[in-house]
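Comments concern the structure below.
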Amino acid sequence: MFAARFDPSRHYEEGDTAPPAPSLPMKRSRDAQQDESESEMSSAESEDEAMQLDDEEEVVDSKGKENHGSDSIGTGEADKRHQSVLSRFQRTISVQDKLDSDAIVGSDSEEEPAKMHGLVPIAQPAIVRDTLAQDSRKERKLLAWSNTTKIHYDSTMTKPFAAYKDILSTSLLANVEGGFSRTAFPIQTALLDSVLPLMSQAYSVSKRYYTRKVGDILVNASTGSGKTLAYAMLLIHILSRRTVNKLRAVILVPTKLLVHQVYDTVQALAKGSSVVVAVSKMDTSLKEESAKLKAQEPDVLIITPGRLVDHLNMQTFSLKNLKFLVLDEADRLLNQSFQNWCIELMTRLNAERPFKGPGNVIKMIFSATLTTNTERLHDLQLHNPKLFLMGSQLYHMPAQLQEYNLPIPTSKSYAKPLILLRLLPLLSTESLRILVFVKSNEASIRLAALLTAMVGNGLSAVSTTVGSINNNNSKATNRKLIEAFAAGASGHCSILVSTDLMSRGLDISGISHVINYDLPISSQQYVHRCGRTARANTSGTAVNLLVGKGEQNFWKDHIDSDISRAPDGSHLFFDEEQREQLVSLSEEDTATYKKCLEELKKSVLGR
């Protein structure tokens, strides 16, 4: 029916003749061309040109054949066209098969057998250690004490405050003797003898640059030794001479409770002078507090580190006139990283003070466990520091503190709360205010509930009330418990069970005993716990309940080895008769104790 088309891909030798051109009308030629596959539209330009010539020949031939009245093409010509298309298809298939077989053979030849490995760690690159950073850390630890003048003092260094009447102002001396004591404690004597004359002389020479002459002050003194009164006297002595209210002293403390405690001491010393003392109250909004401090700039500001950074960012006040920076409970402050307060504060000081670098502010750093923070002290950029130490040990216990260890056999460890109550009659004091330290918040709640049940069942020989300071209570509840504990009635025993929340800085007068129901984890923590009693030259007692040989060895190796005591101080152990009396339990007491345990179990399970 159709004539074979011209195949441009087919080559003809010389002498061969091309197949006759198909004789199709022009319209039919176009229809046939449109029916071709779209693949032919993407062929080379040479093929398109050849097809165009082919079409022209078809038009010429069709005209000639129309003149002869022929409307169809012979069957032989149609077979030739189909054969040409089929041959092209077969050549394409054969070439594709050849390419596929070559690829398969190549891939088979390149494939390597898989290697079997055992379960071994994957090889890692060698660790690149920053030796420069390690050397830098070592250098920082060494530089923390470089150019440090060590001043040793002992428990015999007491002196009446009247001996300083030629240096201290009349009003300040009257406030000290009337509100605190007539005799200076050892650390107060050491500071007043060494620092006060130097500070007064430097201030009289230059009111602007006297901080460089004095240098920084580091004090390692036991808790309850009068550190707060010591630095407050130095501040009021200098600031009472100023003429205009400007922020000249910042006292940093770690907790809100300490803010108010320090404020009471500083405000009592500033009575009768024009020194303005302010505190940052955490229960007021930051915006309201900022407006108040801007309206009346204080001379002394008592604040926590995080709140200080907030005010610096709000530009509540400037550090341009700052002369004193006091860190109370410095070891705890330096362990805190609220908003990177230390770096932020040092940066602001160097930027805002008239002269840059160390010495632009007198830094007073106080703690009972100061010597363990040498690396962090370097961040404070100390300038010619003077280090006040008592003894050669890390920590020193006050001479008025009596310590006792009560070994408890492991077989009697289940009755530890009962032994605690049996201990009370041996504590010969008219009014017992006992602070019991445990290891966790849950232990505080459980022990307080169990002791209350035991007192209710008659296992206590003295009238006793028990309270628990814990994080489950609201702040108001904890504050009321502390106030009730501090105001305990005469002839009554008050027990307050707490974690180490109460072991730092809190000054409650009249705590007669500290009982370490659970041993602290370090000598540092032990010093702070025992420091809640025997404060301000008053007597106090600490009792440690040691269960089994393990706790006794821990006490000896990790706590007692770091502590120095007065020669005529603690006995450390109960005598054998007292110990046997405490750990020997009657069947009646044991039965009552088990009954109390069942009551506690029912109350916990809610049955």
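Any Cβ shown, glycine's included, is placed from N, Cα and C.
Now, the feature entries from Swiss-Prot:
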- 1-83: region 'Disordered' (REGION)
- 34-59: compositional bias 'Acidic residues' (COMPBIAS)
- 60-69: compositional bias 'Basic and acidic residues' (COMPBIAS)
- 184-192: motif 'Q motif' (MOTIF)
- 208-388: domain 'Helicase ATP-binding' (DOMAIN)
- A221, S222, T223, G224, S225, G226, K227, T228: ATP binding site (BINDING)
- 328-331: motif 'DEAD box' (MOTIF)
- 419-578: domain 'Helicase C-terminal' (DOMAIN)
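Highlighted in sequence order, F185, I187, F366, A368, G531, R535 have their Cβ within 8 Å of the centre of the Cβ atoms of A221, S222, T223, G224, S225, G226, K227, T228, the residues recorded for ATP, and are not part of that set. Secondary structure at T228 (ATP binding site), taken from DSSP and collapsed to helix, strand or coil, is helix.
Distant neighbours of the motif 'Q motif' (184-192): 151, 153-161, 164, 167, 217, 219, 221, 225-227, 229-231, 233-234, 388, 390, 536-537; these residues of the same chain sit at least 6 beyond its ends, with a Cβ under 8 Å from one of its Cβ atoms. When each of the binding-site residues S222, T223, T228 is scored by how many other Cβ atoms sit within 10 Å of its Cβ, T228 comes out lowest.
The helix, strand and coil residue counts that DSSP assigns across the motif 'DEAD box' (328-331) are 2 helix, 1 strand, 1 coil. Helix, strand and coil residue tallies for the motif 'Q motif' (184-192), in that order: 7 helix, 1 strand, 1 coil [DSSP]. Listed in sequence order, F185, P186, I187, P398 are the same-chain residues six or more apart from S225 (ATP binding site) with CB atoms under 8 A from its CB.
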